[in-house]
Amino acid sequence: MSNLKIKVISRNPEDYLRSTKRDIHKIPRNYDPSLHPLEGPREYVRALNAVKLERVFAKPFLGSLDGHSDGVSSLGKHPSRLSVLASGAFDGEIRIWDLTSRKCTRNFIAHEGWVRAICYTPNGQQFMSVGDDKTIKTWKAEIQDPDDEDPVNTLLSMSVVSGISHHRAKPIFATCGEHCQLWENTRSEPIKVFQWGVDSLHHVAFNQVETNLLAACASDRSVILYDFRESGPLRKVVMELRSNALSWNPMEAYIFTVANEDYNLYTFDIRKLRQPVNVHVDHTSAVIDVDYAPTGREFVAGSYDKTVRIFESLKGHSRDVYHTKRMQRLTCVKWTLDNKYILTGSDEMNIRMWKARASEKLGVLKPRERTALNYSEALKEKFSGHPQIKRIARHRHVPKHILNAQKELRTIKEKNKRKEGNKRSHSKPGSVPFVPERKKHVVKEDE
Amino acid sequence: MENQPSRNKTKRYFDTAPEKDEKTQNKNENVKVYTVKSTAKLLKIQKYKEQNLNRRKKAFINNNKIKKNFPNKAPIDPKKLELHSRGEGFTGQGVLHPLHLLKLKKREKKFKYAQEQAARADILLTEGQGYLEVDEDNRTTSINQKVIADNVDITAATKIFELNLDFGPYNAKYSRNGRHLLLGGKKGHLAAFDWVTKKLHFEINVMESIHDMSWLHVETMVAAAQKEWLYIYDNTGTEIHCVKKLDKILKMEFLPYHFLLATVNEYGFMSWLDISIGEIVGHYNNNMGRTSVMTQNPYNATVCLGNPKGVVSMWSPSSKKPLAKILCHKTPLTAVAVDNRGMYMATSGVDRSLKIWDIRNLDGPLQHYKLRSAPVHLEFSQKEMLAVALGNNVEVYSDCCITTTEKPYLRHRMAKEISNFKFCPFEDVLGIGTTGGFTSIIVPGSGEPNFDALESNPFQNKKQRKEAEVKALLEKIPAELITLNPFEVMEVDVPSMQDRMEARNSLLYLKPRNIDFTPKHKKKGKTNIARKKIIKDAARKKFINQSIEAKKILKQPEEDKNSKPKQSFGVLDRFVSKPKVKK
């Protein structure tokens with residue numbers, strides 16, 4: 001037996017055990033699939049656990065900013081500072097908040113009657129507010145001495161002003177009321193007035209990418225587009241019911257979303273206003289306000305049904321719904337510029353802070369934590385089509401009044417569908433055409 | 001206002017006045033400039049051209065100027081790549097929408113990348129597989145344990161040992177990480193110990209016959225099938241459970257990922273006990289008669305049962321009937337074994353034959369061997385060596401599944417009758433339970449040299465064990481997921497969806513059957529037309545009633561959900577408000 005060669009597995013424990021107690025454990029890995037049997041079912045169970053944990057950790061409410069003595073009418077985001085928020089109330093008071101400490105840093109009576117809208121200037125040093133007293137006031141964002149408390153500039157408008165929006169870069173801002181007016185900071189008269197019809201406008205918004213464009217919602221159920229280089233309005237689209245608010249997509253310059261009185265939101269492409277790109281349903285009452293996330297992928301909508309809903313901009317149904325027992329009708333919503341939080345103002349004098357992703361963990365993640373979360377995220381996506389997992393991921397508890405309203409709306413929809421079907425089957429073929437949902441809600445487009 | 005030329009402003013596509021272009025034109029006059037309206041397609045072509053140019057440049061540099069040893073990533077052994085493959089990839093056919101095609105292709109790329117990475121990670125494995133090589137005029141079978149013990153290091157040589165015990169015949173089972181050994185004597189001797197350090201956990205005599213025993217998910221719990229019931233002991237030998245639901249058990253197998261203890265008893269009943277909640281999840285009569293030939297398929301956690309008629313049946317707790325049945329031998333079966341990857345099954349009958357089957361394609365045996373005597377027991381090792389017990393001989397075959405082997409790889413003769421044996425996971429060791437005790441021998445190359453510590457770790461300490469137990473419990477696979485194809489849960493459920501729709505449609509939109517009008521017996525007094533009408537009406541009524549009932553059945557589950565179980569208040573029941581009846 002001269003050429004006998006034997007090798008037997010013989011492990012030195014030192015290679016597999018940690019040398020000291022303070023060391024980490026040695027974890028040798030072997031990715032051979034035969035050592036990891038039942039890959040499919042195990043991944044499925046992990047995905048199921050991950051999706052359950054997601055629902056367990058879904059606690060989006062962070063806190064409320066308490067202080068206003070009347071309902072909150074408007075909110076204004078600071079363009080460069082995440083912790084600053086301005087809010088106006090129905091009693092004419094404006095409060096400036098520090099969001100990190102959740103405290104009010106400054107408050108003053110700005111207008112007689114409502115504060116209709118607030119907006120910061122692009123450099124963030126001033127903010128403007130419009131009120132029911134037909135004034136447009138400019139304030140200093142930060143006060144060094146007591147004189148700064150007074151408005152820097154007060155413009156008197158001839159007519160009621162109900163909305164304000166500032167240009168992205170130039171010292172120009174637009175207000176709306178009876179007409180859409182363009183102002184320059186230094187002048188006391190509007191530099192341009194756009195008129196189309198006689199009805200009043202209640203919301204105006206500058207496009208932040210294609211900065212020459214602006215759009216306004218009118219109470220004659222129309223949404224009007226303007227180019228401020230032109231002398232007149234560009235186009236308008238008339239809906240079945242009036243739109244309450246409008247928000248431009250910050251990533252796609254030609255897309256905007258309107259919050260409508262008919263419980264839906266409509267996303268339009270300005271190149272083709274005849275038909276909305278998407279109809280976002282799910283609210284059970286009029287949608288009051290809408291704001292896009294800075295990524296342009298999602299937007300938040302606040303409604304008269306006391307809920308906030310988050311929509312993905314390409315999908316027709318909401319991704320999430322936020323509500324609390326004490327939150328009343330929503331008046332304004334904002335998505336913060338770090339894409340992490342949502343701020344909502346409501347009728348009952350509170351401003352609420354929510355997480356934008358309900359189950360997200362706040363704060364710094366350790367690398368292992370992050371990889372674990374990424375892994376579970378990937379698993380959730382992989383098994384998202386499974387009935388069990390889909391059911392858990394989709395389920396949201398909503399208050400009874402919402403549930404009942406949803407049921408009612410569903411029955412109404414079914415009824416209409418059935419009725420139309422009956423009509424169709426009993427009339428001449430082709431005389432009752434199929435009208436897609438997207439075309440139903442737009443009356444006409446004017447140029 | 002509108003025409004104010006702002007110099008710092010970024011240029012937009014709609015701003016006319018191409019000043020910049022002119023400038024560039026002036027600068028390089030010898031270069032031809034084409035004004036082409038750029039479209040997405042053109043840009044893409046341009047991009048490709050540039051990429052190709054760069055690649056060519058790089059290749060040129062690589063070939064001529066700098067000669068590197070490894071210009072690119074090191075090549076991967078195709079065999080290793082194949083090992084980590086998750087099946088044939090997506091070819092791109094049959095997808096209608098280009099966007100989905102793009103998405104699927106991207107995903108496929110990721111899969112390929114993962115496969116490559118896994119294959120590349122093989123370089124990090126520290127241990128090498130064992131082997132036994134002799135020169136050409138000798139045979140490996142001539143190497144006995146003494147020679148092996150002389151030629152290996154001392155620690156490995158201690159793995160050859162023998163225990164002489166009095167309560168035989170003995171059964172032996174290793175724990176899942178291969179560190180602990182459980183011995184059960186027919187006459188009631190039960191012992192568990194760490195066989196590497198030879199540290200005894202406990203040793204008791206249960207004063208009853210022990211038919212089979214098994215480790216549970218951790219080494220602190222063992223189950224023993226005794227004369228009447230199933231008992232569970234902890235690592236000090238204290239009885240912690242007596243499971244009277246399971247009686248007269250002959251054989252059992254523990255399914256570690258499902259936390260199920262699969263058992264078969266004297267009366268031919270199969271039971272699966274969920275040991276994490278203590279409930280029986282499946283209890284069926286197998287209608288195959290008394291059998292003690294049982295093994296689990298680790299690939300899909302089904303249980304293979306061999307019966308006296310030569311049929312092997314595969315069982316899952318979710319179905320009353322076997323998932324598959326195959327007639328392997330025409331004589332009673334003596335042993336069944338399934339390899340770790342779930343590819344091959346070895347069966348042996350009393351006709352002294354040994355057959356190897358491809359489990360996933362039960363067409364015919366891959367190999368058919370005739371042995372000297374009927375095997376008592378069969379067992380696959382982690383590296384697909386097959387051990388066969390022939391009376392008091394153990395023969396180990398390597399490569400007997402795909403190729404036909406003439407001779408065994410190793411042979412070990414003992415003075416005692418063999419009752420069972422097990423290959424030790426992650427070691428080159430075969431532990432043999434005999435009538436007179438336990439023998440441990442070395443079979444070089446039988447075990448997997450590199451363990452995965454997150455799966456089963458021979459060196460784990462108490463804390464790691466506890467953590468692993470919690471993790472394993474969190475990932476407990478439900479018993480319903482035991483199927484022949486374990487990847488079924490990841491596949492698209494196309495046929496069942498179709499079936500559901502068809503079933504629903506067939507209930508709702510049933511076409512009335514054609515009615516045969518020709519009567520069997522002519523009845524006087526009624527015209528043909530009237531009779532036709534009567535028959536037709538009756539059939540129609542029947543059909544309408546049927547469809548109404550079908551609709552009721554379809555609607556039922558929704559209504560059932562709404563009705564909650566009522567709470568009884570006794571006499572006060574009449575004050576409870578009644579639910580409104582919907583019309």
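Every residue gets a Cβ built from N, Cα and C, even glycine.
TrEMBL: automatically predicted annotations, no manual curation.
Over in TrEMBL, the protein carries these features:
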type     : residues  : note
COMPBIAS : A:410-423 : compositional bias 'Basic and acidic residues'
COMPBIAS : A:438-447 : compositional bias 'Basic residues'
DOMAIN   : A:356-442 : domain 'Sof1-like protein'
REGION   : A:410-447 : region 'Disordered'
REPEAT   : A:65-107  : repeat 'WD'
REPEAT   : A:108-140 : repeat 'WD'
REPEAT   : A:280-312 : repeat 'WD'
REPEAT   : A:323-364 : repeat 'WD'
Legend entry - Same-chain residues at least 6 beyond the ends of the repeat 'WD' (A:280-312) whose Cβ lies under 8 Å from its Cβ atoms: 244-252, 255, 257-267, 318-323, 327-335, 337-339, 342, 344, 346, 354, 356, 398-399, 401-402, 405-406, 409
Legend entry - the repeat 'WD' (A:280-312) - residue tally per DSSP class, helix then strand then coil: 0 helix, 18 strand, 15 coil
Inset, instruction - Determine how many residues of the compositional bias 'Basic and acidic residues' (A:410-423) DSSP places in helix, in strand and in coil. - result: 14 helix, 0 strand, 0 coil
Inset, instruction - Compute the average pLDDT of the predicted model within the repeat 'WD' (A:323-364). - result: 95
Inset, instruction - Taking helix as H, G and I and strand as E and B in DSSP, count the residues of the domain 'Sof1-like protein' (A:356-442) in helix, strand and coil. - result: 54 helix, 1 strand, 32 coil
